[in-house]
């Protein structure tokens, strides 16, 4: 007879068992890791009590079943519906118990109707006692271990203490009557009776936590909430593992979907347990054409690094590895799920089953791990099978039988108990697959043309600048050597389910990168780019067990620079690199600068060239419209300040000297016309030659540069001194000293007479004065 829910307090109090069913006892329960964070699966799917959950099974075509085969990764299975009392279906209880998983029912009250239910069963000590007795009796009759208590309605203040009393009594009675029982409170109501989800264990809900065995927190938590839960649990002399951090697969308030492993890691790394809500998402949110079994195995493979496998703890064991399918896949029965292997033996998300037939299929020669045994059972060894070709571990309907003292042989495979040979082990002391085995298994069925997770791949980018070799003004370019790091996640490359020895694998990047999907990014504005090949191709590739990729390569680039040269030689060069996916638009690949560390790192600390020093570097992101669509573009901008010490010594100082020398003629006297002419002309020629040597190394541009202004102005001062010399020569022509009298006008008060000596004396003052004024203006304008 199939089980059903109870919708009222009266139905609960009137409960009497009316069934006849074969119930599996709790087997393979692991009680040797009291401080290990645990995993609770809260299964809420389409209202519950679905056709495929009936004792007799159903056609998988008529009702797409949620096929769950990863019991070894969880500790509790809670069957959830929105009925007052939810009793788990027999099939879920049996399949969980075969794998050592404890099963919980649910008591839930919601809204105004739920408030009335609470007032009913908390109305008196007798009502509480009757409710506790009925709940314990149901759990004993249906052979499950406890309840999730979910009160999602406000309580009157006087009922809060009654609720705490109810929790204490129910917890105590469960412990007395049911081995390994568990009562878990859901984070909703606080000590005042108000309905305020806390997302953590804190002062407002600690009383409910202490009255039960643990708490299932709401899903909207952050890092501070997790730390608060840890600290509060310790302050209450409890263990952080008794706080189950809520993770909603539908991503309501946390990271969910295929990325649930990210939420798991954050919680588990703090010693907190995890409550995974609604894994039926695998069925509900994917097309009817998708393989539910493979999707489920793929989903749980991402969680392997956060969910240590529980071992077999009792022998003998007999299993045909059935996943519940029969009649060539035309029928599926939840109760027919047999004990599953610990390690799936096919690559990627595939499971070693054949739909419609029991058995275990091995396609790779070698020694394969099947089960993880608890130490007291079999000295910590694994059950292994050696296969020289494809082997099906199931003959003529006879299941695989393992006994404590011997392991059977058959004609297709040889099982052996390795007591004298020590296999490679991981950090947990468990035998594991080495890098070569893992990589071969992952790539065997990998499709490099498939976008990871169906598209919209997030790729974070980081640049390490090793060296800037040169900046060339003539061609407006710069040459540099950089490391480019790209990170993205490709679930198809996840290998946690293969039991690897390491959580990350470093591979031959130059070879393997051609066999996997990449975002196809490049620097689109470079004039030249190449990856270093000495002594081998400088490509680093690391693959993590959850499918995360770390791709790094060392490359030489020649990129464009821009400068107005207006302030040359006190100018800056701005050089830019544009990084885009050449193949995938923004709908397929989202490029972004890494945000956990600075996106650009200068490995040398500072970069100085003979002419330039790097003074600034910045990053930005833009969207570019091309005919194929809109593409993400990452921009790296480098600003170089010219070191103008060379030009000070080679141009400015000689120009000063030339101008100063031209003033010497003012003191030689009016009679020294030839000597003064030589001084002035030589100064002008020297400055002209110096100017030519400078501009020969600059781009041919019509833009007026700061150095142009300086040289031409200096030449103008020297030329002006020659004009003054010409006037002096005119006044002393033929040895006669003449005077110049200006033509007075109404603006003149007195018209002075100018002699050669008087003109020289005036020039010796006026020329330095105006040159000083020019210097003040020049350096203020161009030095800013």
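Placement of Cβ uses the backbone N, Cα and C atoms for every residue, glycine included.
Under the heading domain 'Cytosolic endo-beta-N-acetylglucosaminidase TIM barrel', TrEMBL lists 69-327.
Under the heading domain 'Neurotransmitter-gated ion-channel ligand-binding', TrEMBL lists 437-642.
The feature transmembrane segment is assigned by TrEMBL to 644-667 (among others). A Cβ distance under 8 Å defines the sequence-distant neighbours of the transmembrane segment (644-667), meaning residues of its chain 6+ beyond its ends; these are 569-570, 611, 675-676, 679-680, 682-684, 686-687, 690-691, 694, 707, 710-711, 714, 717-718, 721-722, 724-725, 760-761, 763-764, 767-768, 771.
According to TrEMBL, the domain 'Neurotransmitter-gated ion-channel transmembrane' annotation covers 651-737. Secondary structure of the domain 'Neurotransmitter-gated ion-channel transmembrane' (651-737) per DSSP (helix as H, G, I; strand as E, B; remaining residues coil): 69 helix, 0 strand, 18 coil.
Residues or ranges marked as transmembrane segment in TrEMBL: 679-698 (among others).
The transmembrane segment annotation in TrEMBL covers 710-731 (among others).
Per TrEMBL, the feature transmembrane segment maps to 765-782 (among others).
Residues 473-474, 565, 568, 647, 650-651, 654-655, 658-659, 661-662, 664-665, 668, 705, 707, 711, 714-715, 718-719, 721-722, 725 of the same chain, all 6+ positions outside the transmembrane segment (679-698), place their C-beta atoms under 8 angstroms from a C-beta of that stretch.
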